[in-house]
Every structure is written in C-alpha cells, then in structure tokens.
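J.: Encoded as structure tokens, here's the structure I'll be asking about.
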Amino acid sequence: MIASGPPPRVYWTSLIFLLLACCLLPTGAQGQTYQVRVEPKDPVVPFGEPLVVNCTLDCPGPGLISLETALSKEPHSRGLGWAAFRLTNVTGDMEILCSGICNKSQVVGFSNITVFGFPKRVELAPLPLWQPVGEELNLSCLVSGGAPRAHLSVVLLRGEEELGRQPLGKEEPAKVTFMVQPRREDHGTNFSCRSELDLRSQGLELFQNTSAPRKLQTYAMPKTAPRLVFPRFWEMETSWPVNCSLNGLFPASEAHIQLALGNQMLNATVVSHADTLTATATAKTEQEGTQEIVCNVTLGVENRETRESLVAYRFQGPNLNLSESNATEGTPVTVTCAAGPQVQVMLDGVPAAVPGQPAQLQLKATEMDDRRTFFCNATLKVHGVTLHRNRSIQLRVLYGPTIDRAKCPQRLMWKEKTMHILQCQARGNPNPQLQCLREGSKFKVPVGIPFLVLLNYSGTYSCQAASSRGTDKMLVMMDVQGRNPVTINIVLGVLAILGLVTLAAASVYVFWVQRQHDIYHLTPRSTRWRLTSTQPVTVAEELS
C-alpha cells in the first residue's frame, strides 16, 4: 500500500537531475536526429514493486547507455545498442531518463512512471446512535492512501444500492461527505463506503474496496405527550390500575416507557402494536394526600413525559352490625352503623349527629322483621368531591310456625277423578314442615302439588306445621262427590221423552198449518141471486 504520491525528496532530486542533463547536452545533441527508446513507455507500477527498464539507442555505432533516476537501480542485462536496468523499489511517481552516445553526441529519452496503490483504509465515519426520520444526515467516507488519486473515487452504498459517487481529493487522509434524508424503511439498513481505483484506461482493471458496514437506526417521535388514564382519587392501601399510551411511534417496539408514583417505579406490562406503545400497571399508596404520577416514553434521543396529580384518601367503613343477627321473636335488637373520622353515616335514612359518630337503631324483633334489610350509607368529602359507600345487612327473627288460614280453607268439595292442589302454606323461622294426615288412617294427602282426587279421599284431615320453635294445627274437611250411573240414566230418559214430545208437537203444528190453506168459506145459496164464479178455471182446477 502507498501514500497518495511520491515523497517530496524524489520530486526535487528528479528536477535537479533533469536541469543538469539539459545543461550538459552539446548543442548538436539538442537537435539530434537519433533517439533513445525507453521501455516500457509511461508504465503504471504497483507501489513497492520492482520494474525493469530497457533503454535502446537507435544509431550506428552506439556508445555507452545509462539510466538516470533517483530510485535504487541495478544493471539487469546489456547488448549492442541497448541496456536494461532493474528498479528495485518503486514507491512514487517520477520521470526516468535514458541517455547514450551516438556519433559522439549524447541523446536522451524519457518515461513517466506512475505508481498505483490501493487505499490502506476505507471507512464510513460512525453514525449517530439514532437518526430522526426526514432530518438531513451527513455521512462521511474516510480514505487513507491510494494512488493515483486522479483515478480514485468513493461511492456511498445503502445495502447494495449506490446513493452517490465523488472523486477523492488529495488531502491525506481524504474525507468525502454525502448528504441523505433517512426514511422509516432505512431503519436497520447497512450503509458503507466503497473505493474504486479505475485503471482501465492504463490497460489494467477496476479495483474496488468496501468498508465495513454500519447499521443506521431511524426513529419518529410524535410531538404529543403520553396519555395517562387512572382514577383521580385513590383509597389508601387499595390497588388501582394505571394505563399510559403514546401513538405515532416508530419503531414502537424500540421505545421505552416508565411509570412512576412519586419516587416509586411501577412494575408495568408493556405492549407495542403498530405505532402504539402501552404500559399497564397496578399501584397502591400508603401516603395520604396529593401525589404525582409520571409516564415517560423514550425513543432514540428524545423523550415525552406526562405528569398528573392524584389524591390518596383514607375511607374507613362503614361497618354495619346487629346486636343479634338471629334474634328470637320479642327480644330487643340494636343496629349500629359506624365509620372512620370525618365520615358522615346514615342508617335507614337517618343521619348521625355529626361526622365521625355512629348511627343507631333499636327495635323489638317481631315476625314482620324477619328478613328485614338495613342500609347504611357513608359519605366522605375529598377536595370538594363527595365519595359514597354503602353497606347492608339482613336480620333474621326466630318465631314459631303458623298455618295461613286464608290460603288453607277448612272445607273442600271436589269431584271424583279431577286434578286439584291443596294450597295450604305455613310460615316460620326456621322453615316449618307442613303435612296433612287423615284422622284415623293417617293417610297423607299431597300439599302444594297437583294430585288426582279419588272417592276414598273424603274425610277430615289434620294439617300440622312443625319446626324447632313449635307446632301449629288446623282441620281440613274434604268432601269428594262421586259420579252416580242411575241418575245419569234417568236424566237421559227424561231428555229422550222431552225430545219425543217436542217432535210430536211440531208435527201437529205443521199439519194444522197445511189444513188452514185448504179450507174455503161459502155463503148459503140465495133465492134471489145466482152465484157465478169470477175465476171459473181456477176453481175447476182446484176442485178437480
């Protein structure tokens, strides 16, 4: 590998040598008709490689041939009219001179050596850790060494795509800068620099060298702040949900989100979907008063933060108690509704005298109080907001069984082979067992369910409700009426006779009506006037 050009010492040595050579030439030599050929002519040589130079004198009777150069040289071979020299270490561009004697005159020939070398280093300057989408970004390619610079250029690559190309300057090391506008799709894309040494015009080839790639990370952060969702009023020592989200992030999966309550970091569950990042946590506090909850979202080199306040309060109670939850009928019962300081309680619509004091209700347990529900309402004012909490409790009263006379008739009259329900009911606490048994036979009739009534169900039944609190009895008379076949036959006979009589009467009536249409009333014959028929044909027809 070589530097961008030959050392300054080589240039100065060559220049001095050429000036001296020109000055020493005889006048006749400057107008020479003979020449010295230098081969190869204007060669392109790899840096540090040896080069064999052949000097040939085109004249009859050639004399001594020599090679003048500042480079290290050694004789290689020689013949009539020619001499070859080996340059052992070509490290820079320079002009070499071959000279010889022809007809006692000195003639010279020149050749320019061009040294080429690949860059020692091709590197893409470090990229920013994160680059905002759409903002201009300057990417720099650094190249050390390489020659000839006139044939050396630098290409910026995005993956395998060529983004730009620039010639390489002469400074050492050389720096070439390209401007790009990163896109979202450039996130995670590799960028690199490629040097190109194009020696195809010198009969060689195109030499390329690519730097190590660097990955670009792009991001997009919205201008809006995260959205916090949580209850504004928190009861102490109770867990509450906290939710924070931010839309418009890219890439959302690379963003970081934190939730904090005061100085306490919350253990949040983070989920990213499309361009949205969401954090969910549960939190509780043991400190009463106003506190701050913070949500912070970081992406790239930017962050967005939201701070909001909450109020933590202590709401003790209400506690609703019964002096006897299962009271015997007739015993006194005290109902108490109590809560913490500054809490106003109300028992069944009756408030306590002052906040912080309990409310009480006293009663004597009766059957009507069984399953009675008492309600306690507690209110607490926090920063101008009234908070409510309710409790309820049920009283059970123990009392003996009672059969409901209104629903259990003492006398029943039913038809045989019909479906009926004995609607007797009993109340009490504990719930009594009710059964109805026929006196004498202890035959049990179903209670409360449909059954088929038979003729032998007739009789007097003793219905008894029993529980651990006592018993209650009542008598029910059941009269089942059977179906009589004789009576049915008599009824059918009577109906048949009535039908015959009706039919006979109808026949007589019809006959009488028809006879009425066939009767003619005639006036007795007069001795004076002779009767003549006004309708002789009709009468004749009727008589006939």
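Placed from the backbone N, Cα and C atoms, the Cβ positions cover glycine too.
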J.: From the disulfide entries in Swiss-Prot, identify which of CYS98, CYS102, CYS193 pairs with CYS141.
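T.: Checking Swiss-Prot: disulfide partner of CYS141 resolves to CYS193.
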J.: Could you check which of the disulfide-bonded residues (CYS59, CYS193, CYS337) sits closest to CYS463 (disulfide bond), going Cα to Cα?
T.: CYS337
J.: Of the listed stretches (48-105, 134-200, 417-470), which one yields the highest count of Cβ-Cβ distances below 8 Å with the domain 'Ig-like C2-type 3' (237-302)?
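T.: The stretch I would name here is 134-200.
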J.: CYS244 (disulfide bond) to CYS98 (disulfide bond): how many Å between their Cα atoms?
T.: 85
J.: Looking only at C-alpha atoms, tell me how far CYS424 (disulfide bond) is from CYS376 (disulfide bond), rounded to the nearest Å.
T.: 38
J.: Using the structure shown, find which entry in CYS98, CYS102, CYS337 (the disulfide-bonded residues) has the sparsest Cβ neighbourhood within 10 Å.
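T.: Counting other Cβ atoms within 10 Å of each of the disulfide-bonded residues CYS98, CYS102, CYS337 gives the minimum at CYS102.
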